[in-house]
Amino acid sequence: MVSEELYQSINEGEPSDPSKPGATPGRTPGATSTDADQAAPQPLFPGRTFISTVLDVADSKDTMTGRMTSKYLQRAVMAGLFVGIFFTAFFYIIGQFSAYPANPGLKLAGRVLAALTFGWALVLIYYTNSELLTSNMMVVTIGVYHKRLGWLHSLRILGLCLLGNLAGALLIALILRCSTIISGPTMAQMLAASATKTGYITGGWQGVADLFVRGILCNFCINIAMLMVYNGKLTNDFTKCTIMVVAVFVFAFCGFEHSVADSALFLILGTYGAVNAWQAIGVVAVAMLGNFVGGGILIGLNFATMNDERRYAASLDKSLAEG
């Protein structure tokens, strides 16, 4: 195998002797800080911290779904509650601003404010350690690639998470049904959104493809934010919150499709008998597949292979042996 010293020099550069006067780690004695910064080699695998953190998260989810299933479900229910509440707020804000149709600027401002508000759902999910299906797609894919999770365990993690998310969304739907919050312009906006979403399913393959692509882009946005949070380079909470809010803002403002948010919308409307169940299931299923491609493949698998040190070390061993 490759020696530890060689591997260290490949990834981080050869450190100078810190015992020499004026020397600092990673800097050639006598060189200025500017020279050192320009000459210092960059790590070949800058995503090592991200992968390591995600694998630790995968281990904890594997343990929770095996020995602490009820607690894992509780966390998933909380995520469903957050998504349901903030998605309701999204439509409520848009509905209030739509009361002024003569002013298109207000309508645009309402959508911007609504999308920014919805972004805080991901922040709360992250900081309360709740379990959201779409971000777990990235985690389990990396876990499977590095053989920390088996396929059955991964499906168990995702299945229990989906169950909890749906339970949380259903709970908030039942609570809202006992109030007058879902009425007037809010109900009108929800019905319009539902019609748009089910229209993808009834619009043939072109509509289904449109829905699928929107699902891909949605979870790509979410998980690129989680990648930034997990990579160890963001050192303060304000920056973490900002990147998560902005990521959700992009998908909410652009009309990308999130399977859990769509489920919450359909469950809320379902308590009023205002949704076609089979069309709603079709929307959620296609959006979920797109979410897996966006989060599990484009982020999870892509960054797992991009930062796989094992293959590089094996090829280096082979070249050294042949040399």
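Cβ atoms are placed via backbone N, Cα and C, with glycine included.
Just so you know, TrEMBL annotations never went through curation; they're auto-generated.
Pulled from TrEMBL, these are the features on record:
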- 1-11: compositional bias 'Polar residues' (COMPBIAS)
- 1-40: region 'Disordered' (REGION)
- 76-97: transmembrane segment (TRANSMEM)
- 109-128: transmembrane segment (TRANSMEM)
- 157-182: transmembrane segment (TRANSMEM)
- 211-230: transmembrane segment (TRANSMEM)
- 242-260: transmembrane segment (TRANSMEM)
- 280-301: transmembrane segment (TRANSMEM)
Stretch in 76-97, 157-182, 211-230 most in contact with the transmembrane segment (280-301), if contact is a CB pair under 8 A: 211-230
Beyond the flanks of the transmembrane segment (76-97) by 6 or more, those residues with Cβ under 8 Å of it: 106-107, 109-111, 113-115, 117-118, 120-121, 124-125, 128, 130-133, 160-173, 176, 181-182, 184-190, 193, 252, 258, 260-261, 264-265, 267-268
